[in-house]
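Annotated in TrEMBL:
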- 87, 89, 91: Mg(2+) binding site (BINDING)
- 88, 106, 113: Zn(2+) binding site (BINDING)
- 40-115: domain 'Phosphoribosyl-AMP cyclohydrolase' (DOMAIN)
């Protein structure tokens with residue numbers, strides 16, 4: 001099959017055929033089904049993608065621990081899959097998820113792992129942090 005016809009099959013075909021990198025991974029972008037906010041970016045191998053499809057919950061590959069990681073299994077921040085998409089090159093996954101109401105996605109307790117905004121200033125770029133909002137039932 002020519003490169004052009006392979007690209008056409010990959011881009012227009014109906015077969016799921018992820019293009020994993022040399023480490024066997026693809027990036028997975030995770031967004032909230034309700035707000036549309038970007039929650040996190042993680043990595044998936046074939047096993048993580050398969051378990052995600054089978055269970056309806058997000059699984060990733062932990063590059064630091066070198067093992068499958070069921071998001072929220074210990075923290076309660078389980079990501080329930082609403083939709084899985086793959087990009088035109090089949091080398092990036094996009095998960096749309098629902099999470100428990102009071103759960104934050106990030107290990108810092110924030111709703112998103114993208115809680116630092118980069119701003120330009122006269123002294124160079126700096127970061128502004130989103131506030132850490134306590135759970136409604138937390139003591140004040």
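Keep in mind that glycine also has a Cβ here, set from the backbone N, Cα and C atoms.
Keep in mind it's a predicted model, so treat the numbers as computed, not measured.
Feature annotations (TrEMBL) mapped to structure.
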residue	record	Cβ contacts under 8 Å, 6 or more apart
87	Mg(2+) binding site	94
88	Zn(2+) binding site	10, 11
89	Mg(2+) binding site	10, 11, 19
91	Mg(2+) binding site	18, 19, 20, 21, 26
106	Zn(2+) binding site	39, 40, 112, 113, 115
Any idea what the model's mean pLDDT is for the domain 'Phosphoribosyl-AMP cyclohydrolase' (40-115)? 94
Residue counts (helix, strand, coil, in that order) that DSSP gives for the domain 'Phosphoribosyl-AMP cyclohydrolase' (40-115): 10 helix, 27 strand, 39 coil
Same chain, not part of 87, 89, 91: whose C-beta falls within 8 angstroms of the C-beta centre of the Mg(2+) site? Give them in sequence order. 19, 26, 86, 88, 90, 92
